[in-house]
Amino acid sequence: MRLDLDVARAVARLAGPAIAQSLLHTLVFLVDRAMLGRFSADALASMQISGPVTWSISSVASAVQVGALAVVGREVGAGRRDEAAAAVRAGLGASAGIGLLAGVAATLAIPLVLAGFPDAGPAVRDEARAYLGVILPCMPLLLVSAMAGAVFQSAGDTRTPLLVALLANAVNGGANWVLIFGRAGVPALGARGAAIGSVLALAVECAVLIALLARGRGVVSLRGRGGERAQLARMVRVAGPATLERIVQHAGFLVFVAMIGALGPLAMAANQALISIESVAFLSADGFGIAGAAMVAQRLGAGREDQARMAARVAAAMALVALSACGIVFVIAPRALASAFTPEPEIVALAVPCLFVAAIAQPFMAVGVVLGDALRGAGATRTTFVITLIGGVAVRLAATWLFAFELGLGLVGVWIGSTVDWATRTALASWRFSRPGWARAV
């Protein structure tokens with residue numbers, strides 16, 4: 001029992017700052033959406049295009065972080081600090097290069113992306129074009145910043161990224177107030193202003209994290225030379241299936257977003273408000289997932305598979321409690337939550353019944369996210385690829401089409417489809433985690 005309590009305390013120490021940091025990162029986007037909702041309905045609806053596109057591109061491009069987490073975590077767990085530093089250097093270099101390539105390609109593809117949303121309306125597409133035209137060329141900043149935060153977390157330091165995220169949030173909020181609405185003599189820029197504010201926040205976050213790594217006073221650092229190529233090869237072995245997983249997931253998600261777009265601008269705006277609300281719960285699960293993945297990687301590096309399994313289970317249980325509480329709030333105060341993101345009564349009316357469905361999804365999401373991250377921390381990215389292909393693509397798209405269009409439930413049907421997806425992914429991840437051989441050699 002003592003061992004159980006020790007692992008539980010360790011997970012809690014990591015999860016607290018990780019959750020807070022995840023929520024702070026979410027606030028960067030929540031502040032964008034809340035302010036844009038006050039600016040205009042078109043600006044808010046445009047985030048239904050810009051948000052998923054940016055998220056999809058950055059998520060696929062940053063799949064190397066999965067490999068870095070598994071490798072750095074195992075090196076730290078095994079006490080090999082020089083090898084851990086080599087992995088950090090390799091991960092940051094790879095993130096910068098991938099970010100540059102992804103940023104250029106994505107910027108050139110903006111017209112093609114917008115052409116995929118013909119029902120969104122010209123005003124919505126114009127706002128999306130303005131946002132994407134600023135944020136996508138700055139993809140290297142986003143990826144390097146995310147990688148730097150991830151290596152701190154994989155080494156068990158979730159406090160440093162949290163403090164830096166606090167600073168970034170302050171920068172984003174102040175910049176948004178000036179740039180979106182046009183304060184202090186600056187013209188009102190709407191969605192373009194929100195993107196500029198986010199880029200400024202990312203630049204500050206990236207610079208501070210890199211400076212801290214360069215000092216070399218923590219568990220992980222940039223100091224040293226040599227070994228990067230070997231560590232990068234290890235990362236690629238883990239990140240390869242993770243990249244395929246994210247490509248498949250986000251290709252499916254863009255189809256999912258297009259289905260929502262077919263429901264019209266009001267449904268798009270309502271769904272954007274709903275995503276903003278649920279993101280608080282999702283990133284709470286993500287925080288527990290970060291803690292669980294770091295613990296799994298470190299414990300496997302130390303040769304303690306029993307503690308690794310226990311850490312994942314404890315993290316999943318904690319997430320289950322937290323997200324179930326969020327679901328209760330969704331049921332108790334749906335109208336107040338929706339109204340926080342838009343003053344439009346038609347949009348609020350569309351969002352309220354969807355929050356009841358989202359409440360049902362929360363326990364499934366909690367366990368699915370954490371166990372998926374635990375498997376990735378163990379290097380089992382082929383497993384998570386299959387789980388995502390089945391649940392996140394095949395089941396989600398089929399269920400959404402059935403409930404939203406064939407049965408005529410509209411946006412409520414979209415959220416039912418999402419819930420069925422999470423239930424499927426949770427069942428598959430739980431089954432795999434209960435079987436032998438879940439911890440893959442890295």
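In case you wondered, yes, glycine gets a Cβ from its N, Cα and C as well.
Computed from a predicted structure; not experimentally measured.
Taken from TrEMBL as is:
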TRANSMEM  12-31  transmembrane segment
TRANSMEM  51-72  transmembrane segment
TRANSMEM  84-110  transmembrane segment
TRANSMEM  130-150  transmembrane segment
TRANSMEM  162-182  transmembrane segment
TRANSMEM  194-214  transmembrane segment
TRANSMEM  253-275  transmembrane segment
TRANSMEM  281-302  transmembrane segment
TRANSMEM  314-335  transmembrane segment
TRANSMEM  347-371  transmembrane segment
TRANSMEM  383-404  transmembrane segment
Excluding the flanking five residues on each side, which residues at least 6 beyond the ends of the transmembrane segment (253-275) place their CB within less than 8 Å of a CB in that stretch?
33, 37, 41-42, 44-45, 47-49, 51-53, 56, 116-117, 119-121, 124, 338, 341-342, 344, 346-348, 350-351, 354-355, 358, 392, 396-397, 400-401, 404-405, 410-411, 414-415, 417
Seg_contact(the transmembrane segment (281-302), the transmembrane segment (130-150)) with at least 3 CB pairs under 8 angstroms, min sep 6:
no
Per the definition of 3+ C-beta pairs under 8 A with sequence separation of 6 or more, do the transmembrane segment (130-150) and the transmembrane segment (194-214) touch?
yes
Result, the transmembrane segment (383-404) in contact with the transmembrane segment (12-31) (3+ CB pairs under 8 Å):
no
